[in-house]
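These come from TrEMBL:
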ACT_SITE  84  active site
ACT_SITE  276  active site
DOMAIN    66-404  domain 'Peptidase A1'
SIGNAL    1-23  signal peptide
């Protein structure tokens with residue numbers, strides 16, 4: 001992390017699994033986990049596939065991330081997980097015992113030996129050759145953070161839109177050695193929810209167990225909050241702008257795009273793009289970034305002055321008096337547009353609201369950064385700031401990614417192609433215990 005509220009959790013390269021970590025300590029062992037019939041994979045598959053919907057917390061500024069509460073274990077305990085479509089592995093900071101952990105919102109997850117994933121497990125064997133008794137891992141992210149630990153399996157409690165509750169046993173990382181930019185600072189979350197398309201991803205596991213279809217989506221509220229969903233019940237397929245997923249990328253990429261500002265081409269036509277909810281801001285390749293900054297500065301002229309004393313982001317502007325909100329400043333800026341080559345009229349319009357931040361100093365700062373400064377050379381990352389008030393759908397079933405403008409402070413109704421519902425239906429049918437949370441978030 002290069003700034004206090006700047007995250008880039010895109011996974012660098014492939015998941016690294018290593019076999020040098022120590023075995024889980026006997027001191028961390030509690031009573032054995034026993035799976036009941038209600039928690040079995042068989043039950044999940046007999047119910048058929050449905051969707052699960054979760055409220056989100058957090059924002060782009062000043063928190064720099066969106067996170068979801070996941071209930072894990074038996075009995076289930078809550079954990080805050082950073083919603084990350086840029087990586088596959090889900091992991092929790094873990095008392096195994098912990099070698100290097102930061103202060104997290106909840107007590108550290110404590111594994112038992114019965115929950116260890118053996119080398120023979122398909123998830124482990126699909127990733128690496130393993131000859132030890134346990135499947136160790138290490139993940140490294142573009143913001144220089146990392147997690148080292150061991151794979152474990154435990155129950156996740158999911159309330160589905162078909163009025164059922166399932167508790168599939170899913171594999172995730174028990175991280176007992178985290179390297180963070182500021183390890184002494186309290187962490188906002190207990191770990192990371194990896195929602196990529198790989199076999200170790202939670203979505204792939206839920207698909208394999210028949211709990212949901214391999215479709216995940218999020219709606220990040222401009223004023224904070226929003227919602228996350230597994231499955232496709234909420235997806236208004238005919239209204240979404242779709243682009244096929246690029247086969248050249250291991251991440252969620254709609255392929256290459258041309259870049260426009262204010263309706264004019266910036267001369268960038270082969271810009272490979274990745275969508276990543278684990279990134280606070282958007283990162284362009286050096287060429288695209290320089291072209292955009294030049295166009296923005298030229299268009300603003302002397303209407304605003306550069307604010308050189310604002311540490312929030314690299315490029316900020318100030319007015320005659322401090323700005324209070326984006327509404328005070330959007331008239332000075334024009335929309336950025338990405339036109340994707342592979343989609344049919346697949347345009348992603350990025351209005352000023354989706355690339356500017358008004359900071360605590362009253363300045364308007366550019367939330368599109370130079371990716372080369374954080375090690376991104378060949379592709380651009382579309383992060384949370386640009387994804388605000390969009391429903392973004394990662395459809396692994398049909399190999400496509402889609403987006404549609406919507407207010408993320410309430411659940412949308414899907415068209416006739418889906419089983420749409422609103423807050424009333426959720427509270428009446430499937431989320432009785434969480435209706436106070438949903439009412440606060442969605443009104």
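Note: Cβ is positioned from N, Cα and C throughout, glycine not excepted.
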For residue 276 (active site), the number of other Cβ atoms found within 10 Å of its own Cβ: 28
Residue 84 (active site) and residue 276 (active site), Cα-Cα, nearest whole angstrom: 7
Number of Cβ atoms other than its own within 10 Å, given for residue 84 (active site): 27
